[in-house]
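Record features, source TrEMBL:
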- 11-274: domain 'BAR' (DOMAIN)
- 194-221: coiled coil (COILED)
- 309-369: domain 'SH3' (DOMAIN)
Amino acid sequence: MLGELPAPFTEEKFGQAEKTELDAHFENLLARADSTKNWTEKILRQTEVLLQPNPSARVEEFLYEKLDRKVPSRVTNGELLAQYMAEAASELGPTTPYGKTLRTVAEAEKRLGAAERDFIHTASISFLTPLRNFLEGDWKTISKERRLLQNRRLDLDACKARLKKAKAAEAKATTVPDFQETRPRNYILSASASALWNDEVDKAEQELRVAQTEFDRQAEVTRLLLEGISSTHVNHLRCLHEFVKSQTTYYAQCYRHMLDLQKQLGRCGQAPGSPCSQTTTMPVVPSVAGLAPPGEAALCLEEVAPPASGTRKARVLYDYEAADSSELALLADELITVYSLPGMDPDWLIGERGNKKGKVPVTYLELLS
C-alpha cells in the first residue's frame, strides 16, 4: 500500500520529511468550514424529515431532483384524511349528526392540508434550497481548492527534502580526507563531484522557489474561499429567519382553522333541534374568568375594567372575525389596548379599541413594549 502513496506523504508518515505547517488562523478557518459543512448537512437532512416524514417519498423527490424533473404533486396527510372523511359522510349519511360532523371536520382538515402544502413549498424554497446550494456548490469548490493546496504542500515538502539532501551531499563531497592529498586523481574526482552537487543544489533551490510560489498562491485562493464562510453564515441566518416566518404563519393558520372548527362544532352541539344536537358539545376555547364561553350568557363587558397592573399596546397581525359578542373583531395592522384578568386563559387577552372591548387571541397580536 505504501508504494501507491506519493513519496513525500510516505516520508512524512515515517517522520523523514519536514511538513509545511499552516498558520493558526488558517487552521481555524479550516475547522470552521468543516463544522459549517457538517452541521449544514445535519440540519438539511432533519428539516427534510420534518417536511416529509415518509422516507420513500423523500427518496422519490431526491431522484426527481437529480433527474432535473418536476416532482409530481402529492396529497398531504391532512388532505387525504379530509377525502376519507368526506367519502365516509356520503356513505354513512350526510344528513345524520355523524355525517354532518364528518363533513365539517373534513373541510377543516382540507384547509389544514392546504396550509401544510404551502408551508412545505415555502420552506423548501427559502430554506432547503440555499442549504443544498451551499453543499453542492460552494462546498465542492472549497473542497477542490483544499485538495489542490494539499498537493502543493506535498510538492513543497518534497522540494525542501530534495534541497536538504543535495546540500548534505555537497558538504560531504567538499570534505577531502588527508590521504587524498597524496592522490591527485582522487582529489580531482572529489572536486568534480562537488561541482556536480553544487549544480544539484542550485537546481533544488530553483524548484523550491517555484513550489513555494505555487503553494503561497494556492493558499491565498483557499483562504479567500474559507473566509467566505462568514458570508455563508449570514445567508443561512437570513434563510433561517424566513423558515421561522413560514413556520409561524403555518402554525397560526392551523390554530385559526382549528379554532374555527371548534366554534362550529360548539355552536352545532348547542343549537336546539339541530342535526348535531346528539353529538358531544366541544369545549370552546377558551373560557375567561368573568366571561362565559360563546353560546352561554356572558357577563356585560362594560363591567370589565383594566387591572391595577396596567395595560399594554398591541399590533394586530391578522384579521380576526369575532365569534360572538364577547369577542372583539380585529383588523390587521391596527393598534389596540390589551390586558389580562385574574384566572384568564393565557391564550387570550381583553382588547379595547375606542369604546369597544372583548376577548382577543394572543396569537393574533404582537405585544409592544
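From the backbone N, Cα and C atoms, a Cβ is placed for every residue, glycine too.
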For the domain 'SH3' (309-369), mean pLDDT (0 to 100): 87
Counts by DSSP class (helix H/G/I, strand E/B, coil) across the domain 'SH3' (309-369): 3 helix, 28 strand, 30 coil
